[in-house]
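Notes follow once the structure below has been shown.
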Amino acid sequence: MLIVRDVDVSYQGAVAALRGVSLSVPAGGIVALVGNNGAGKSSLLRAVSRNLRRHRGEITGGAVTFDGEPLRDPGDCVRRGLIQVPEGRRIFGRLTVEENLRLAAHGAGKKLVPDRVYDLFPVLAERRRQPGLLLSGGEQQMLALGRALVAGPRLLMLDEPSLGLAPQVVARIVTVLREINADGVALLLVEQNAALALSLAQHAYVLELGRVSLEGPAEKLRDDPDVRRLYLGATAVAT
Amino acid sequence: MYRRILLGLGVVLLLVLPYYVGQFWLRLGFSVAAAGIGAIGLTILTGTAGQLSLAHAFFLGVGAVTYCALAGTDADLVSLGWPPLVAALAGVLLAGLAGLAFSPVAARLRHIYLGIASIGLVVIGQHVLNTAAPLTGGFNGRLTPGIVSDAKVSIGGVPFGAYEKQWYVGFAFLALAALLARNLVRGRVGRAFVLLRDSEPAASSVGIAVQRYKALAFVVSSMYAGLAGVLYAVAIGSVAPSSFALDVSVLYLVMVVIGGLGSVAGAVAGAAAVTALPVLLQEYAGYLPFLAEPGSGGVTASHAARFVFGVAVIAVVLTRSGALHRFRPSALGSRS
Amino acid sequence: MITFLSLLLTGLSTGAIYALVALGIVLLFKAAEVVNFAHGSLLLLGAYVTARTWEAVGFPTAVALGVLVGALAAVIVERLLANPMRDAAPVALAIMTIGVDIVIATELNRRMGPDIVVVGHPWGGTAARLGDVAVPANRLIALLVAGALIVAFLVAFKLTDWGVAMRAAAEDRETAALLGVRLSRVTTLSWILAGALAVVAGIFLAGSPTPGLSPAVGVIALRALPAAILGGLDSTTGALVGGLVVGVAESLAAGYQDQLSFLGRGFGDVVPYVVMIAVLLVRPAGLFGTREVGRV
């Protein structure tokens with residue numbers, strides 16, 4: 001479904017952020033992208049969603065296709081069902097909860113049907129008229145997910161969905177992600193929390209200094225000694 | 001070395017010019033010197049320190065009116081009859097004081113906000129000048145006392161009148177102003193200005209007193225404007241409040257923008273272009289068939305010049321908007 | 001008391017006109033971080049088209065033509081100039097609009113010359129009476145029309161997809177783009193609206209008690225800038241409040257100028273700027289402006 005082939009990305013014509021990165025997400029699958037801060041995860045997402053120009057970067061080699069066609073701009077991605085949940089949630093604080101959802105539906109060229117989101121996250125229904133800046137971190141992540149759902153995703157790209165959230169909230173998010181996937185939506189999970197990512201995904205890639213250093217089935221990566229040492233810590237064992 | 005020789009040749013050329021060219025060119029040259037000084041002041045403020053200001057006309061007015069009142073001999077108006085150079089110096093100082101008085105506002109506001117607030121200074125200044133009729137002559141204005149005596153002297157067989165002597169005064173002031181500006185921009189203060197232009201938080205984190213330096217940039221620029229105002233008043237022979245309207249500020253902005261913001265030499269070149277173009281178009285209108293007589297409804301020399309200015313500003317900003325990125329405080333990151 | 005009421009009413013109507021212009025200025029700042037110094041010229045251009053065509057096509061059509069030309073000119077500026085340099089700093093954009101202003105204002109000055117062009121309002125110079133208070137009918141109609149337009153605008157801003165997209169773009173352009181919002185469409189629409197609102201304001205500004213359209217009307221329209229900035233450049237509420245404050249303050253200062261004679265004749269014209277500087281001294285981002293945007 002999403003195919004990234006030999007992509008190079010550089011910023012301001014100088015700094016190489018990605019070098020020859022290849023990755024693919026099959027329809028309905030869950031793929032994890034693991035790596036430390038600065039490994040190039042954000043650059044990869046920007047390359048896929050055609051959002052590099054804003055950061056004075058560009059794709060200098062390789063190609064990205066979705067359903068076999070190149071992606072033109074962020075709007076094109078959204079309208080073709082490739083939806084990104086950005087790092088740090090990026091909720092519009094001065095817009096109400098419902099306006100945030102409405103904006104996302106409008107951006108995808110759809111009419112807003114919030115019922116599914118409100119069923120998944122009843123707290124959002126209660127707070128539908130409140131401005132986004134009054135939400136807690138967990139509620140903001142729910143709203144960010146909700147925004148992606150009302151856009152009618154076929155592939156969701158999640159950038160650090162667990163960052164800074166309490167364990168119960170993370171558990172709730174994971175449950176919802178499984179439900180969404182069960183409906184046939186593919187997931188590309190970009191996480192520093194490798195344990196979480198590898199437990200959800202079927203296939204995983206490890207990004208180091210702008211290159212894919214390792215890839216394979218998620219359970220295999222979970223047992224890889226290097227991955228265990230570097231990303232899963234000495235004691236952390238995947239659930 | 002090459003640059004030095006070129007500069008030396010230029011200076012010699014300017015020094016001997018009065019021996020060869022007539023009044024028209026000397027007067028134009030003097031006007032260019034006046035505008036050049038003002039433009040240098042604005043390019044320090046807007047280009048080097050990154051503060052957009054449209055208040056320049058106001059400070060020109062302060063300098064000009066101070067000079068007229070102190071050096072003037074007009075019995076109907078406040079006239080102290082001081083020596084012209086002393087009065088000119090006082091004009092510069094008073095313009096600086098006016099800048100200092102506005103600096104609490106200037107130092108607190110940034111970029112666009114300062115740009116708009118500074119329009120207010122010009123409008124209020126117009127009102128004050130109109131109201132202070134004993135000082136300014138009110139609506140009708142007052143005559144400018146000459147900066148040199150009218151007495152003719154003969155040097156090398158060439159008679160030197162007021163315009164010739166005035167030329168040297170203007171030229172000397174411009175050279176002095178440019179030299180001081182260059183040293184300022186290249187020195188410690190200039191580096192502080194650049195830092196706070198690029199990012200105020202970053203500047204303050206390395207120990208630069210942001211508000212003090214912003215105020216300083218404003219005061220320096222107003223002193224340059226004050227001197228420009230004195231010479232401008234001398235150049236046009238009489239000044240009225242309307243000589244210092246918003247339009248004048250806009251023209252100064254045009255000068256420094258087409259001269260390349262922050263460049264002292266560019267500011268002088270921009271001042272020369274903006275000052276000379278309408279005058280030259282008018283002078284040679286007979287040879288330019290597309291120009292119409294004033295009042296005929298057609299495109300006059302002054303219209304043509306303004307079209308050129310407007311288009312030039314747009315063209316410069318469009319082609320050099322990359323260079324103007326520096327206005328964006330880097331602390332806010334790239335545009336998001 | 002009657003003087004006061006009539007001054008207040010005049011001030012409110014002037015303020016409503018300023019608010020229309022200021023609303024456009026704020027809109028452009030929110031949509032594209034542009035402070036449009038050419039706004040007065042756009043206003044003048046549209047009003048000039050109306051003034052030149054009403055005799056031939058009748059007033060209503062002439063107004064439509066003027067508004068159309070103003071909106072069109074705004075779109076041309078946006079597509080041709082502002083959009084290509086959308087990543088430049090706000091100050092660079094502002095300087096660009098100063099260049100545009102020079103060009104448009106010069107051409108209009110040339111065409112108008114020293115003449116005053118009459119805009120043929122059907123209501124002419126008649127006075128309307130509300131009890132004992134008399135004001136020019138033009139001002140009363142301006143108050144009503146501006147009020148209606150402002151309400152319509154605010155409702156659209158609150159309730160339509162465009163309004164939501166506009167507010168989102170003002171808050172976080174990148175995220176809005178990632179959600180699929182077509183920023184360039186939002187921006188273009190904002191320029192259209194801003195241009196159209198300015199022309200409506202211009203048509204009223206050129207009516208009674210003003211004798212007609214002249215470059216001076218552009219100078220008056222410039223007072224919407226202090227109105228916008230004292231309210232806060234990124235606040236629509238600020239534009240309304242700023243417009244009204246400036247209009248009323250100006251009207252009162254002009255009306256009581258005999259009592260205020262120590263401030264000099266014509267002090268009313270200066271009041272908007274005095275109020276602006278006073279407000280900025282206390283609140284550098286304006287009354288309703290947010291701090292972050294005040295730091296741009």
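Positions of Cβ are set from backbone N, Cα and C atoms, glycine also.
Per TrEMBL, transmembrane segment is recorded for B:28-47, B:54-73, B:85-105, B:112-129, B:167-185, B:215-240, B:252-281.
Contact count against the transmembrane segment (B:54-73) (Cβ pairs under 8 Å) is highest for B:215-240, out of B:85-105, B:112-129, B:215-240, B:252-281. Scored on C-beta pairs under 8 angstroms, the neighbour of the transmembrane segment (B:167-185) with the top count among B:28-47, B:85-105, B:112-129, B:215-240, B:252-281 is B:28-47. No contact links the transmembrane segment (B:252-281) to the transmembrane segment (B:112-129), because fewer than 3 Cβ pairs that are 6 or more residues apart lie under 8 A.
Stretch with the most C-beta contacts under 8 angstroms to the transmembrane segment (B:85-105), considering only B:28-47, B:112-129, B:215-240: B:215-240.
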